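Quick look at what TrEMBL annotates:
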ACT_SITE  170  active site
ACT_SITE  386  active site
DOMAIN    152-503  domain 'Peptidase A1'
SIGNAL    1-26  signal peptide
């Protein structure tokens, strides 16, 4: 009897050991290596030749799309170089100053975005048109995002003959617009202000045209019988002028005609350096929507680290935007696709479903779908993919749970007290060349998972070795997947199939 009891105790002890081992294994944390590099200045602004001559050959397009080399060369796809706005200030500002300005713009943009969505949900319909048979406007509608906080731009030729200017690329705006002479009130820009009187392809939009009726705020110059537009932003910035159609040239030989755009004669607010904005949003007046017949309602961009250098001889290190068939990688290429989610109260933004986040190989229990879901009845909540927001914002409970899971996996790293700007979790990595950090994976609707490189979520903020966890919490409803987390991915916006894709190492 005693021997049987002893054997039972031994068996129970063995089972207990197995359970403890299994439990320990379940808490195993997955790590990846972060190479510690100090904060750097971005390269100086590129020349016109870099913007306008740079392209990708047909063989590369063929490899990406699965088309034959001849078909790729003959396709209607369009690819142009993109640069970060910090390049404009690289020669006159320190890396710390540039980062401070970037985070300041980021806070302003997110605030404006929240105001836009609040106005849309309060109004009940974000696409209402305000018609006025008069020369001016007395109504105001929040529409789009402030160009002043746009992060990426390219060189675009406007008119015939083409006159080139910097244009901000913005997935959070629809209306294409630029400053036009004569200016009643214009902000300072790098290039001469566009004069429509010198363009053979410029044409005003009639007051009774469908394009005019598609504006959120439309008026009519009764003397010229031309459509007037107004776009106002959450920070008080505004652009007003004549709605028109014009030819855009993206690089030498790549022209797109009859694009509806605002020719702004009165532009006020936080608009800096660029001549205007190329709206890449989901609405009817955005460039992808207007050029849908030619480009199949498809585009993609790939954003390299803003401090990466690039040249015409080394395009792999350059940010770019692609319109058309070659925006979608060929079959067999690893792309995490997730369905686009439509917000009936606001058609500009690209919503996706974020179902969870894993840190260190385990799902974070506190990241709840309920906190991240879009309420279609009210238009509140949800998650958008945005090129103009730098830092990913998550609903406060989700962010807190994710941050705590990350901190638990970095207990061996020395914390930097006090945080930095909007970052509340920072580390002192001075003297280190590389460190191990927990993996971070975003789980999206449709079963898609996006595994982030370490440099996309632990970033340098000074020259002293301080690195911060590049996420933040928000109490304002909508969550945002920002461009720091998108770096290095080809982000595909496939309107034809209503999906967003993330292709790793896609630049």
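We number each residue from 1, going along the chain as drawn.
Cβ coordinates come from backbone N, Cα and C, glycine included.
Each residue contributes its Cα atom, and for residue 170 (active site) and residue 386 (active site) those atoms are 8 Å apart. Model confidence over the domain 'Peptidase A1' (152-503) stands at 90, taken as the mean pLDDT rounded to a whole number. Sequence-distant neighbours of residue 386 (active site) (same chain, six or more apart, CB under 8 Å from its CB) are 113, 171, 172, 349, 350, 480, 481, 482, 483, listed in sequence order.
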